[in-house]
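K.L.:
Let me begin by handing over the structure; questions about it come next.
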């Protein structure tokens, strides 16, 4: 396996990508107490405001983005410090195992295990059991949605107060939704890369990327079953004005499906969860960006949640692109709309 990755230059590519994104070590924060710990053997970084508090604080579990392949505690240090300081919350940033070395469900299991550990030890961190939120961007938004669904029916742990999904990737059935065509060449996430990352997470390789992009990896009967949830028909018309390419149907290829059939598992693609699960989910905040291939995943999930009676706060960055939140104060530059997005999240947290 590693050999194939080396031959295609993938390993060196990924190692280099991780190096570039690793983030700088920051100095002490005068307002925060920060420590590196392990929750259920999963490395985490805990941010606690130093100021005294009237009562228990809210808690936030943060799962970073990076296509399940990139990203670390250091990469998201500034974002987590900002969330902790501005919303006066205890933030737990989770260092889940990365693909392709660790395939699905490793990342999901790490996030779930760390979350369960935190929920069992809240008083140790001065956190209010009624105000714990899961939060993540991009692949981290996928993990937050999956963890939230898993915990929705659990009566032995405190119920999550909310989930915050920042331009999440939530399905791998259809890479031809309107946002995938409109924004196929927009940085920081190209259409091909989205399928590439999903396959690396699932299988540790991206062998069938072309077939997956064309949509020949899902049987017709299954496509029909999920059409009620994954379909351009469920996306408001105003998001289609930039032009939508009708997809010519491709032939289903059974052997490709055999290698990717776990794409139909909600822990990997949360948009495919049954209504009985979705209607138990906590209050939700969804941030989408206009210039993002994953925009429609967020819009489709927003509709599913609302159809199931879940309260949704939706924040759309008209001028935003994928990854904009992680660029907050990155190497000294920041996008005004990224700061607006981050502040909308802080305001939502303060309302809980």
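Note: Cβ is positioned from N, Cα and C throughout, glycine not excepted.
Just so you know, TrEMBL annotations never went through curation; they're auto-generated.
According to TrEMBL, the active site annotation covers 138, 292, 322. The domain 'Alpha/beta hydrolase fold-3' feature in TrEMBL is assigned to 60-207, 251-325.
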K.L.:
Using DSSP, break the domain 'Alpha/beta hydrolase fold-3' (251-325) down into helix, strand and coil residues and give each count.
P.N.:
32 helix, 19 strand, 24 coil
K.L.:
How many of the residues that make up the domain 'Alpha/beta hydrolase fold-3' (60-207) does DSSP mark as helix, as strand and as coil?
P.N.:
62 helix, 26 strand, 60 coil
K.L.:
Sorted by position, what residues of the same chain at least six away from residue 322 (active site) have a C-beta under 8 A from it?
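P.N.:
Listed in sequence order: 138, 167, 183, 186, 187, 188, 189, 289, 291, 292, 293, 294.
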K.L.:
Look at each of the active-site residues, 138, 292, and point out the one with the fewest other Cβ atoms around it within 10 Å.
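P.N.:
Counting other Cβ atoms within 10 Å of each of the active-site residues 138, 292 gives the minimum at 292.
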